[in-house]
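Chemist: Below you will find the structure I want to go over with you.
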Number of protein chains: 2
Amino acid sequence: MPQVLLYGFPTRVSCPSGRAVPSRANLARACHGAQQKHAWPSACISQRDYFSAVLGSFSNVFGALQKGGVRSYRSTRPRRAAAQTAFASAECSEEFVELAHKLADAAGEITSAYFRTKLDVENKGDESPVTVADRAAEVKMRELINEAFPDHGVYGEEGGLDIRKGEYVWVLDPIDGTKSFITGKPLFGTLIALVKDGNPILGIIDQCILKERWVGAAGRPSTLNGVEICTRKCGPVGEAFMYSTTPLMFEGDTLRQYNQLAEKVRIPMFGCDCYAYGLLAAGFCDLVVEADLKPYDFMALVPVVEGAGGILTDWQGQRVKLDLTSMLDGSPSRAYEVIAAGDQATHEAAMQILNE
Amino acid sequence: MPQVLLYGFPTRVSCPSGRAVPSRANLARACHGAQQKHAWPSACISQRDYFSAVLGSFSNVFGALQKGGVRSYRSTRPRRAAAQTAFASAECSEEFVELAHKLADAAGEITSAYFRTKLDVENKGDESPVTVADRAAEVKMRELINEAFPDHGVYGEEGGLDIRKGEYVWVLDPIDGTKSFITGKPLFGTLIALVKDGNPILGIIDQCILKERWVGAAGRPSTLNGVEICTRKCGPVGEAFMYSTTPLMFEGDTLRQYNQLAEKVRIPMFGCDCYAYGLLAAGFCDLVVEADLKPYDFMALVPVVEGAGGILTDWQGQRVKLDLTSMLDGSPSRAYEVIAAGDQATHEAAMQILNE
């Protein structure tokens, strides 16, 4: 009888290790103590129930969307140790989470309508294709933010930086993975982050075609379609399944560093964009290592990964922040290298190899 | 008003260029004459209808599966020029197609039940992970073939070659993309081919999680969830979106050759396994170029790609065949290089670059 991850179907899930969200100090320990190597630690149902459960799951999510989104869709099982919350002491208001769901719903409606359709693909300066959907979704999300919180700033891939007087900034990437999008591959995602004083306190990864939504928010465990998720313990780096979007994102020093690590992991893989971080947060891979990223490419990923017990930093181990000061100074937009790992030991070992 | 590909929802689709399946001689011309560059040439509906259509589509497919598979799910629109059928003069009995659907249903039921579950991942000699599901699905498919056609041979990734007295051999790969499978990425596929005298006359690519099934059969247009599909015209190679599963599949000469081509296409992309050939057949990318493949990795792809107007050969332009003679001689299993293109001109131009 296999153990099955049943996201989007919380009423069938039982978790004997459920507990209230613990303190920051022991969260990682508790979470990883429950992990088995390369195993999903919860949610047992019988094989016989699988098909009806999955079918029910999709129907539920579709139904929820037709009624206005999955934001009312909450896990009913007891809370358990599911987060290494480096941001556990921060606060994220429920109204921010609700708005983030609303943004994801709106962006998903627009991008879904253009998926696998005829589009005039344009070239930007950096040669990445940008679609009509990308721009329309960001315009819509900016409208919704301005309506709800007119003093919140917005920084988006398409529309740039719009700073207001408040301490909050929303960081948006309507379609992370435009190359996947325009070739009909349903692994692109909408990334929505809320940053307070430069620190991401809320993140959503939304895959609108597969109806998969990861949510991370300060002080609470990350979820996939409303069900709490947890990273897995990897063991030695030589056993790590590692994702990067493409080897072409590395060059010069970062290529040399990446190659050092790629030679030592179990399998280096490609082609996932933000979806890889969702897989890591849900315990299906061990490392995501990328370069040449902009803040809108990874701000939303931090709360999702950290709220699931993982860790996401730059290649020097520094927590990533939105550096508004240099952005407002007109400094050239810098590129970031990012490493995400399911557990602290794997993160440290991988960083050491990157920096040898 | 965007043009939308509505696979799995044929009753909403109209195609003004519908016609009966034409002769082999003018199929490619007719198909490509209807193509626009980087455009899906059929299936117009309004944006407003999109959500209900897609939701309906998924419900329909799920409903069909609950009733025993999508094999009874047929397009009702008029047939149109949709295939460059190099194999149009061959015959593929409807009972073979029905069995292929039955095999895909059975394999999908098994592999779905193990997707995103705890598995003991093993290492084979070639280091590719093999799952319990992989083996169980092949055993089940072999049983079904032996029941239906006891004189048909079977060649599978897991169980090897089982030759019978008949002229037909089924070629099976229960999970093409095991690395995707074990990391929770729903782009792996079940590959099922029927080979007659070494030539593939029937192929299925089945993605059981997304419920997407491509079918190609000699003498008829390829379909995706019952709806006819067509490749697109690319134009110069410099505009081609090209997929390969991973750059690590190339080494030595093939790496040098691949790099020559990768430098000239618009975007080289990774991470799709067999799904990339499905995207090409449906008109969403232009080239798939791979190496280090075994016959079970590509036999099923040939009818799907060719029945959609594309072309799939080795890197010398030779049509791929199942070489039973050398397999029975006990010759070492050779690796193949494969190139698939949406149109003849792109295929020729890409091959020329590969062989410079």
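Cβ coordinates are placed from backbone N, Cα and C, and glycine is handled just like the others.
Per TrEMBL, the features are:
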BINDING   A:E157, A:D173, A:I175, A:D176, A:D297  Mg(2+) binding site
Chemist: Residues with Cβ closer than 8 Å to the Cβ of A:E157 (Mg(2+) binding site), same chain and 6+ apart in sequence?
Modeler: A:D134, A:E138, A:L172, A:D173, A:P174, A:K294, A:Y296
Chemist: Give the three-state DSSP assignment (helix, strand or coil) for A:D176 (Mg(2+) binding site).
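Modeler: A:D176 (Mg(2+) binding site) sits in a strand per DSSP.
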Chemist: Hey, what's the Cβ neighbour count for A:D176 (Mg(2+) binding site) at 10 Å?
Modeler: 28
Chemist: Take the mean position of the Cβ atoms of A:E157, A:D173, A:I175, A:D176, A:D297, the recorded Mg(2+) site. Which other residues of that chain put their Cβ within 8 Å of it?
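Modeler: Going along the sequence, the neighbours appear as A:D134, A:L172, A:P174, A:G177, A:T178, A:G189, A:T190, A:L191, A:C274, A:Y296.
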Chemist: Out of A:D173, A:D297, which has the highest number of nearby Cβ atoms, where nearby means within 10 Å of its Cβ, if these are the binding-site residues?
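Modeler: Counting every other Cβ within 10 Å of each candidate, the maximum falls on A:D173.
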Chemist: Show which residues of the chain containing A:I175 (Mg(2+) binding site), separated from it by at least 6 in sequence, have their CB under 8 Å from its CB.
Modeler: A:T111, A:T131, A:A133, A:D134, A:A137, A:F181, A:F188, A:G189, A:T190
